[in-house]
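Below is one structure, written out as structure tokens; the observations come after it.
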Amino acid sequence: MSWDQVWIDVNVATMDPSISAPYGAITHAAIAVKDGKIAWLGPRSELPAFDVLSIPVYRGKGGWITPGLIDAHTHLVFAGNRANEFELRLKGATYEEIARAGGGIISTVNACREADEAALFELGRQRLNALAKEGVTTVEIKSGYGLDTETELKILRVARELGKHHHVDVKTTFLGAHAVPPEYKGNSDGYVDLIINKMLPAVIKENLADAVDVFCENIAFNLEQTERVLSAAKAAGLQVKLHAEQLSNMGGSELAARLGAKSVDHIEYLDEAGVKALSESGTCAVLLPGAFYFLRETQKPPIDLLRQYGVPMVLASDFNPGSFPICSTLLMLNMGCTLFRLTPEEALAGLTLNAAKALGIEDKVGSLVVGKQADFCLWNIATPAQLAYSYGVNPCKDVVKNGKLVHQ
């Protein structure tokens with residue numbers, strides 16, 4: 001057989017739902033890669049003969065291979081920090097109180113408006129490197145810290161450049177509707193007009209976004225405004241998604257389902273009607289345990305209802321300067337299990353196959369199947385559950401991206 005590389009002495013958590021074993025596991029397995037894709041996958045005993053002297057053969061020493069991790073919700077490109085707000089919250093101030101007083105998102109907006117693209121790129125590169133070392137091979141990056149045309153474009157350009165200069169694939173999301181900027185205080189409808197009539201066309205002209213997002217919440221944008229932005233995005237051929245039901249239930253999830261959104265994110269206050277709507281539309285539920293933890297929230301997402309209705313559950317870091325400034329995707333496995341009571345298998349699916357669904361790329365990545373992109377990680381673990389069970393010593397040994405060994 002003519003392959004580019006072969007991996008043997010491994011166990012594989014394929015996350016392929018057509019395999020009935022937990023994690024879609026194949027033990028004592030082998031993987032062959034050709035032209036950046038998985039060319040063969042199965043038990044080592046069934047691997048066709050090949051010339052071991054002509055291609056690289058990697059021995060996994062009994063470790064586990066999983067699909068490359070996918071972080072489907074980050075705000076990775078930003079300047080400044082909000083450590084002072086961290087102190088205020090610990091003294092009793094709420095996230096909403098800080099935002100209404102001009103802190104929160106707006107303080108980061110001011111820092112991003114002042115930063116140039118080179119500075120933002122370097123900050124983003126360092127953060128992307130940190131995620132890559134944890135086995136992340138695809139990441140979504142949102143804008144939303146500009147809130148004017150120039151800075152929103154600047155953030156999205158930086159995100160696109162990161163994808164061009166890093167082995168991690170970057171999917172970009174335009175989140176101009178993240179908050180109402182100070183210059184539009186008391187005129188949120190006017191700002192929505194700006195998003196639709198000026199910002200979005202500029203984003204589309206430069207091909208800077210794969211999707212459009214809106215923060216649908218009392219402190220941000222109402223249902224009517226949210227629908228206006230997302231409808232304009234859909235009309236332009238972009239995917240849509242939504243921050244919703246984080247602080248209250250405004251019915252954003254039902255709106256997202258009606259619009260065919262790829263995902264609804266946060267959803268702590270999601271009710272059964274919203275869950276049913278997501279199930280019927282095939283919209284993913286993105287769980288963000290890091291923000292739940294960091295903000296010391298008490299309202300948990302309706303995990304049992306999501307299971308009951310078969311809604312794909314995604315885990316993501318929500319890495320951002322305000323509600324989760326901890327740059328770790330791997331930590332979400334443990335948090336998803338301990339805080340939201342996911343099983344380790346559900347948690348891993350949330351960072352692989354279901355995360356790919358949330359980004360609309362499940363035909364290429366998210367599970368290990370012949371013909372899909374060869375994005376995978378070798379972990380120094382005895383069982384896949386160990387990824388969720390333990391944290392602190394990074395067990396990621398090797399990372400393959402598009403068939404190339406990029407981290408060893």
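Keep in mind that glycine also has a Cβ here, set from the backbone N, Cα and C atoms.
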Worksheet item: Taking Y58, Y145, Y184 as the options, which does Swiss-Prot list with N320, G322 at the N-formimidoyl-L-glutamate site?
Response: Y145
Worksheet item: Among H28, H178, H407, which residue does Swiss-Prot annotate as binding 4-imidazolone-5-propanoate together with R82, Y145, Q246, S323?
Response: H178
Worksheet entry | Entries of H73, H243, D318, G322 which, being binding-site residues, have CA atoms within 10 angstroms of H178 (4-imidazolone-5-propanoate binding site) | H243
Worksheet item: Within 8 Å of the centroid of the Cβ atoms of H73, H75, H243, D318, which other residues of that chain place their own Cβ, given that this set defines the recorded Fe(3+) site?
Response: T74, K142, D265, H266, L288, A291, A316, F319, N320
Practice prompt. Rank the binding-site residues H73, H75, R82, H178 by the number of other Cβ atoms within 10 Å of each Cβ and report the first-ranked residue.
Written response: H73
Worksheet item: Taking Cα atoms as reference points, which of the binding-site residues H243, D318, G322 is nearest to R82 (4-imidazolone-5-propanoate binding site)?
Response: G322
Response to the item:
Y145 (4-imidazolone-5-propanoate binding site) and H243 (Zn(2+) binding site), compared by Cα position, are separated in whole Å by 15
